[in-house]
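What follows is a set of notes on a single structure, which appears directly below.
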Amino acid sequence: MERAFIEWYPRGYGVAFKIKKKIYEKLSKYQKIEVYETEGFGRLLALDGTVQLVTLGERSYHEPLVHPAMLAHPKPKRVLVIGGGDGGTVREVLQHDVDEVIMVEIDEDVIMVSKDLIKIDNGLLEAMLNGKHEKAKLTIGDGFEFIKNNRGFDVIIADSTDPVGPAKVLFSEEFYRYVYDALNNPGIYVTQAGSVYLFTDELISAYKEMKKVFDRVYYYSFPVIGYASPWAFLVGVKGDIDFTKIDRERAKKLQLEYYDPLMHETLFQMPKYIRETLQRL
């Protein structure tokens, strides 16, 4: 019988990968970490049974998470990444002319596994762990606690697990208020928000909470390899930024595989019933 890794979503929906072998498994202080060699998508990183990425396709997540916000902001110089222990989000941020990017990851084991076995970070994680990267800094700790006590960010990116379970606090009004205070004016906050079809209630709830806090709130989706796509993202704006418009000249300098200015125009095409529900909030 062929071996497979299956992630089960609500209502009995599953995403499966045929696997060659399990490479790694560990129960860290926070979660179960697994790495598999898949048949057609490279290595798969899973946390508590949920797919975080497959190495042949991870850019379909990291690019739409990072670049729309970075290109919509007029001058993003200081960036905070909450989560993102695999290094992919920081890697994409550093394609831009930033002065500093700080990554706050609660689970150091995720960083070590990603550095040694996933290797999508172009050596960033090693440099960050040793404090030797000129622009990218690392803090091992709770992103919620960090953001309570730190200010002055142009862009804040939440690269967290799905909006259920332990990460649910990162989709609360309380957290969003700390984020708003931590942003410069103008500033942009972006977070992944789960499967459009399977986490619809969580998406609507998070959108409603963000509307209480931010000056403008946007939603968009993107087809992500390895996830129950389309995958939702939420954006909160502090100040006067039109997230639907990006700097196309800056975009030309980026090395991109999935997201680009042409794709940006399609980001906001949510299914009709979800679009109408969010517009009523």
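Cβ coordinates are placed from backbone N, Cα and C, and glycine is handled just like the others.
Annotated domain 'PABS' per Swiss-Prot: 6-238, in sequence order.
DSSP assigns Asp142 (S-methyl-5'-thioadenosine binding site) to coil, not to a helix or a strand. Annotation source Swiss-Prot lists S-methyl-5'-thioadenosine binding site at Gln31, Glu105, Asp142, Gly143, Pro166, citing sequence analysis.
Here Swiss-Prot flags His62, Asp86, Asp159, Ser160, Thr161, Asp162 as spermidine binding site, drawing on sequence analysis. Counting every protein chain shown, 20 other Cβ atoms lie within 10 Å of the Cβ of Ser160 (spermidine binding site).
Marked as active site, proton acceptor by Swiss-Prot on the basis of sequence analysis: Asp159. Under a cutoff of 8 A between CB atoms, and with a sequence separation of 6+ in the same chain, the neighbours of Asp159 (spermidine binding site) are Leu65, Val81, Ile82, Gly83, Gly84, Gly88, Thr89, Gln192. Taken residue by residue with DSSP, Asp159 (spermidine binding site) is part of a strand.
Cβ neighbour density within 10 Å is lowest for Asp142 among the binding-site residues Asp86, Glu105, Asp142.
If you take every residue in the domain 'PABS' (6-238) and average the pLDDT, you get 96. Here the candidates are the binding-site residues His62, Asp86, Ser160, Thr161, and by Cα distance the one nearest Asp142 (S-methyl-5'-thioadenosine binding site) turns out to be Ser160.
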